Amino acid sequence: MSSSWSRALTQISPYTFASIGIAISIGVSVLGAAWGIYITGSSLIGAAIKAPRITSKNLISVIFCEAVAIYGVIVAIILQTKLESVPSSKIYDPESLRAGYAIFASGIIVGFANLMCGLCVGIIGSSCALSDAQNSTLFVKILVIEIFGSALGLFGVIVGIIMSAQATWPAKTA
Amino acid sequence: MYGFEALTFNIHGGYLEAIVRGHRSGLLTASDYNNLCQCETLDDIKMHLSATEYGPYLQNEPSPLHTTTVVEKCTLKLVDEYKHMLCQATEPLSTFLEYITYGYMIDNVVLIVTGTLHERDVQELLEKCHPLGMFDSIATLAVAQNMRELYRLVLVDTPLAPYFSECITSEDLDDMNIEIMRNTLYKAYLEDFYNFCQKLGGATAEIMSDLLAFEADRRAVNITINSIGTELTRDDRRKLYSNFGLLYPYGHEELAISEDIDQVRSVMEKYPPYQSIFAKISYGESQMLDKAFYEEEVKRLCLAFEQQFHYAVFFAYMRLREQEIRNLMWISECVAQNQKSRIHDSVVFIF
């Protein structure tokens with residue numbers, strides 16, 4: 001047994017990678033959503049003291065951030081349905097490894113895309129609340145920027161789902 | 001790291017930044033000033049002001065109104081807003097907010113010491129002090145005879161203590177010494193504030209450097225102009241200039257040797273940002289210099305609001321409010337003395 005890193009990596013069970021991928025997909029997405037919500041929320045609360053009219057409209061920013069967490073949950077549920085048991089003789093087959101890595105990658109893609117998307121929407125939402133408090137014609141224009149920002153999360157979800165669709169474990173019978 | 005404040009600023013500062021921006025929207029606009037300038041009496045002014053944010057503060061005042069009452073109530077509003085923000089703030093914002101008031105403390109100290117020198121009553125002086133610069137032992141300032149006592153009895157417990165190391169002498173206090181003391185204290189304060197902002201880093205450091213540098217340069221020019229023809233030597237003058245800002249160090253060398261306003265002008269015109277200020281006033285005239293400086297300051301303060309997630313908005317708001325109170329004082333005085341033609345001499349519009 002030569003000791004090289006590639007040897008070490010291929011000895012790790014593909015289920016480890018798959019499970020970590022699922023954890024990252026939901027965990028990091030929720031991190032992004034929460035980060036975005038607190039950035040928007042603190043500015044919104046302060047600005048709404050002088051300008052109470054902005055509260056209802058600006059909850060849209062919070063909803064966009066929340067959507068990011070929902071994407072993470074959906075993809076995590078989809079990914080966990082892709083996990084199948086294979087007989088122990090086949091765990092380290094190339095096919096199994098490929099399936100494990102695909103689920104892992106899918107989880108990372110979705111997690112980090114949603115993290116950045118949540119941050120982006122949160123920061124824009126904070127500026128949106130402050131600008132709306134001063135000048136209400138600005139709200140719709142800044143909302144367009146937020147919509148473009150939330151598209152980033154969707155890109156991540158699409159690629160993640162395509163990636164996980166090809167995660168096929170080897171068939172149970174030999 | 002500059003550029004990434006947006007990620008963590010709102011944890012501690014988001015709410016207060018939104019509040020200060022809300023206060024900024026309550027500053028008087030050009031149309032408010034137009035209405036105020038058309039007033040005939042102080043009661044008209046009170047009526048116009050009650051439609052703005054100052055309403056609750058002025059409505060209980062009985063007529064006849066005095067200009068000092070108007071200014072006092074408007075200052076009270078600023079103090080209330082400041083105290084509300086200070087009690088909500090966490091470090092380092094609370095330290096930053098406290099730094100803003102040290103300038104007022106220095107002015108109060110000098111006011112009481114000068115007043116005592118001219119044998120005024122302590123109570124009368126305390127009423128004239130700026131409320132943001134009050135501290136507990138301020139009344140005992142009247143007892144001190146020279147600077148060493150001043151420091152030992154009163155100031156060692158205040159935040160101004162570290163600024164005194166450069167100006168403790170055993171001479172008795174007289175008018176000239178007090179002015180030098182004021183300027184030395186202010187110089188130490190500005191440098192301290194500047195270093196504090198540099199330590200904070202990020203957008204706060206960048207924007208506050210610009211605002212404080214302008215303040216330092218403005219004070220340098222004022223010190224120069226006010227000390228032309230007095231017995232202040234060139235070395236003494238140079239010691240009063242702060243060691244940061246656009247004018248440091250070469251401009252300070254040239255300002256120290258200036259003997260009249262035209263020389264000052266020729267020094268300042270070498271610096272493009274200040275060239276525009278001096279272009280507005282014609283040769284030989286220095287009364288409009290104050291107004292030109294105020295206008296430039298207001299322009300820079302408004303620019304501080306263009307960026308989000310930094311502390312300089314708090315500083316800018318306090319200064320803009322101060323400018324507004326100065327405007328109101330000028331307008332009230334002009335109206336009370338029936339000199340409405342001179343109203344536009346000194347009112348600086350913020351928006």
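Each Cβ is built from the backbone N, Cα and C atoms, and glycine gets one as well.
TrEMBL entries are annotated by machine, without manual review.
Taken verbatim from TrEMBL:
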TRANSMEM  A:12-38  transmembrane segment
DOMAIN    A:20-79  domain 'V-ATPase proteolipid subunit C-like'
TRANSMEM  A:59-79  transmembrane segment
TRANSMEM  A:99-126  transmembrane segment
DOMAIN    A:104-163  domain 'V-ATPase proteolipid subunit C-like'
TRANSMEM  A:138-163  transmembrane segment
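Confidence over the domain 'V-ATPase proteolipid subunit C-like' (A:20-79), given as mean pLDDT on the 0 to 100 scale, stands at 95. Just going by CB pairs under 8 A, the stretch in A:59-79, A:99-126, A:138-163 that sits most against the transmembrane segment (A:12-38) is A:99-126. In terms of DSSP secondary structure, the domain 'V-ATPase proteolipid subunit C-like' (A:104-163) contains 57 helix, 0 strand, 3 coil.
For the domain 'V-ATPase proteolipid subunit C-like' (A:20-79), the number of residues in each DSSP class (helix H, G, I; strand E, B; coil) is 57 helix, 0 strand, 3 coil.
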